[in-house]
Amino acid sequence: MMRNRSKSPRRPSPTSRAANCDVDLLKSTARDREELKCMLEKYERHLAEIQGNVKVLTSVRDKTFLLYEQAQEEIARLRREMMKSCQSPKSTTAHAILRRVETERDVAFTDLRRMTTARDSLRERLKIAQAFNEKAHLEQRIEELECTVHNLDDERMEQMSNMTLMKETITIVEKEMKSLARKAMDTESELGRQKAENNSLRLLYENTEKDLSDTQRHLAKKKYELQLTQEKIMCLDEKIDNFTRQNIAQREEISILGATLNDLAKEKECLQTCLDKKSENIASLGESLAMKEKTISGMKNIIAEMEQASRQSTEALIMCEQDISRMRRQLDETNDELGQIARERDILAHENDNLQEQFAKVKQENQALSKKLNDTHNELSDIKQKVQDTNLEVNKLKNILKSEESTNLEVNKLKNILKSEESENRQIMEQLRKANEDAENWENKARQLEAENNTLKLELITAEAEGNRLKEKVDALNREVEQHLNAERSYKSQIATLHKSLVKMEEELQKVQFEKVSALADLSSTRELCIKLDSSKELLNRQLVAKDQEIEMMENELDSARSEIELLRSQMTNERISMQNLEALLVANRDKEYQSQIALQEKESEIQLLKEHLCLAENKMAIQSRDVAQFRNVVTQLEADLDITKRQLGTERFERERAVQELRRQNYSSNAYHLGSMKPNTKCHSPERAHHRSPDRDLDRSLEENLCYRDF
């Protein structure tokens, strides 16, 4: 039972553990009851043997008394006959001879009696000495056995106390095991979570390694591209040198052209003065035109945007109204569901309270049953004490055989008490089994209801969260609708003002267009002259611009290459930092795993130590049971020795009786008359032998009874 408790991986519920304890107690009580039954049966057998021995002794005593009386009657009859025969004168000589023979006979008888008494006294002394020696030896042995029995009882009591302590320690250990199992479950969950984190970190690490390898490849490519770009830059530097040389030559040409341009510029200045006046007028008109065109186009764009915004706002309003109606429907549905869930939760809470009350009642019933079990244990202990008292009474019954009927009545009473206790134990076992089944059913129901209650609570929480979210959504949509309505009103007011400004701008445009037509006619003549000058200038500018563009392109390529290199370096530094962080995280996770493994190993070592303590206690119990078996074997050996001594005594008695018979035969063969006179004497002597034999038998039987009681 202790091993089964210690080896159980999964911890049972407290009610099942209490039921197991009650079952163990019932088993122990049943075992004690069976032992008491066996003891009672032995006691009854011993009483029957005592009664048989008493009957045999009484019958032998009666027979010896009858023989003694018959012998005395025969002696008296013979004496009367002799006295009658002695009165005749013829028998005086015979009478004298007879008297002389009688005196000789009496002397011989007295000598024989003296010799037999001396022999019998010596034999009795020898037997008594042997009996006393054996008795002393046996008493010493019995005292030793009693001491060993007392020691064994003390050890058994100590072991029972140790067992109770061990049971308490086992319960404490089971509680610790449960707490450790919970901690282990928590640590396992934490380990699983940490493993998941480690796996995610490993995946991240692998991804980062892949990214690193990709970036390294990319870096290699970029380095290769850098080398190529550097080579290109070298080539471009050479080209730039060539271009600078060409530029110097072209600048010289430009200086020559500049001189011609100065001449042309002087001519142009005189034309420019004429143009400036007209261009100022044209510029002012163009600026005003451009401004008005821009404003008109801006207004048109704004109007189009406003119209689009109004359309979008109307569409958004429709969508928002649809969303609001849908949200209201969902809100109504969620409110209905919340009401149903609240009602179901109230019902479940009521059922849970009922189940808890029933569970408390079942616990009270279990406590009452445990009290009954304790009462039965106390009664059993009382019965054991009664049995011990009866043993003492049986020891008294060795000396007083007349109180047998009272002991038989007490034995019958004890049997009746044991039968009633057996029936009560069976009833208690059935009640316990039923109570355990009811408790397990109620516990299962309570667990199911708790699980349902938890699920309903979670559903309620989710429904409340969804309701709050939907309310927030509806409020946000209402705010958006209000904002859209306000924006639509502002857009309408802006459109009205823009329409008014557009009408004014169109009128101003018509006026400006008339002025523009007159200015364009003046411009056409000046433009022809400017076009000729600009064409030659543009050719030179184009050549310079082309060269500048080529130089800028090369510089841009260089800047882009440098920026890419810097970006790659920054990426490399970031990746190194992330790698270091990942390595630190991995090291921390490994430390946590190592610490958790150490804690688990310590807990497992503690559990193994407790298991070893349990095994040691069980081994001690087994050793003690072996010692008890050895003591029983010793007792059986002593009984066998007693049987051997009894047989030896029987053989000695048989030899003694045979010697007596031989003496009788010798006495018969010596003289018929002497034999006739010896018959009553032998008959008188037979009760003495019976008396001499009876103490031997009494001693043997007393020794047997003592040993039987010790065994009992």
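Yeah, the Cβs are placed from backbone N, Cα and C, and that goes for glycine too.
Ser702 is the residue among Ser189, Ser370, Ser702 that Swiss-Prot labels phosphoserine. Note on Ser161 (phosphoserine): other Cβ atoms within 10 Å of its Cβ, all shown chains, come to 10.
In three-state terms derived from DSSP, Ser161 (phosphoserine) belongs to a helical segment.
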